[in-house]
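Structure, as structure tokens:
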Amino acid sequence: MYGIEYTTILIFLISIILLNYIVKSVTRIMDYIIYRFLLISVALFALTRAQNYGINLPITGSMDIVYANSTQEEIFLTSTLCLYYPTEASTQINDGEWKDSLSQMFLTKGWPTGSVYFKEYSSIVDFSVDPQLYCDYNLVLMKYDQNLELDMSELADLILNEWLCNPMDITLYYYQQSGESNKWISMGSSCTVKVCPLNTQTLGIGCQTTNVDSFEMVAENEKLAIVDVVDGINHKINLTTTTCTNRNCKKLGPRENVAVIQVGGSNVLDITADPTTNPQTERMMRVNWKKWWQVFYTIVDYINQIVQVMSKRSRSLNSAAFYYRV
């Protein structure tokens, strides 16, 4: 009799222990499932609701002025457009409200009032000294001038590409270019650049290092000069530092938030001759209208097609920066 009672009690205790183990196991499994579900839910919520901090940004190059991170909304609702035009345009139009009129026309194309900025420059040469492109999309209008064709080409090469630059101390050091993507960019009110290539003994090749007059002149009285010399050879450089700044730059690739629209001329400027320049005909365009109203009307009409061949950027160009990425 006592044996049966002891057996019953033992079975009862074992059942309680087993049930307790099962309950704890089920609890642990449920906790794991619940925590995993919550973790996945939070992660998905963050990905679908948070701002885009670079996942879909098409350009990895950067500049020294940061804009807000882009979102997944329509570009025309959150983007800014800068239109750079010569003084000649506003002089010819001669209407104090022409910008307001164009803003209303851009509104019909999906660009809200206040998202389009009109920026005037006096001449291509002056614009070359300090180009500053601050908007998400930048359209630079250049009136074709046969006498300024080379200046226009150099400016287009500068603003249609990204450049990583360092300052140069030409009084202390010799410099050499490491490859085709390496150029020297000079900017200022007057840049005359002379170079003297050196041999391995630092003696001048065809020039005297102590006689500046014997140096080869590669730019004269320019406001913007992109200098290319023979790679792998040290050069002694001479220029007037009071009126010109020289930088050692490397071309990184196309700056896809900038487009150049050439006004007039028989052909679109070709900057693809440089082997480091990717074909950029899509962002080099030409319109042949004699009147500036007609030019701006055409731009308004095709603005959305134009920006489709461009890419929005998170940073801007500011050539005034000392250590900068332009």
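We count from 1, first residue shown onward.
Even glycines carry a Cβ here, placed using N, Cα and C.
According to Swiss-Prot:
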type: BINDING; residues: Asp95, Gly206, Ser214, Glu216; note: Ca(2+) 1 binding site
type: BINDING; residues: Gln177, Asp228, Val229, Asp231, Asp301; note: Ca(2+) 2 binding site
type: DISULFID; residues: Cys82-Cys135; note: disulfide bond
type: DISULFID; residues: Cys165-Cys249; note: disulfide bond
type: DISULFID; residues: Cys191-Cys244; note: disulfide bond
type: DISULFID; residues: Cys196-Cys207; note: disulfide bond
type: CARBOHYD; residues: Asn69; note: N-linked glycosylation site
type: CARBOHYD; residues: Asn238; note: N-linked glycosylation site
type: SIGNAL; residues: 1-50; note: signal peptide
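Structure coloured by features recorded in Swiss-Prot.
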residue	record	Cβ within 10 Å
Cys82	disulfide bond	20
Cys135	disulfide bond	22
Cys165	disulfide bond	20
Gln177	Ca(2+) 2 binding site	21
Cys191	disulfide bond	23
Ser214	Ca(2+) 1 binding site	13
Glu216	Ca(2+) 1 binding site	14
Asp228	Ca(2+) 2 binding site	13
Val229	Ca(2+) 2 binding site	18
Cys249	disulfide bond	25
*Can you tell which of the recorded positions Gln177, Cys196, Asp228, Asn238, Cys249 lies nearest to Gly206 (Ca(2+) 1 binding site) in space, using Cα positions?*
Cys196
_C-alpha spacing of Asp301 (Ca(2+) 2 binding site) relative to Cys135 (disulfide bond), in angstrom_ = 20
*Any same-chain residues 6+ apart from Asn238 (N-linked glycosylation site) with CB under 8 Å of its CB? Would you list them in sequence order, or say none?*
Ile170, Val193, Lys194, Val195, Cys196, Val212, Phe215
*Hey, does DSSP put Cys191 (disulfide bond) in a helix, a strand, or just coil?*
strand
*For Asp301 (Ca(2+) 2 binding site), what is the tally of other C-beta atoms lying within 10 angstroms of its C-beta?*
12
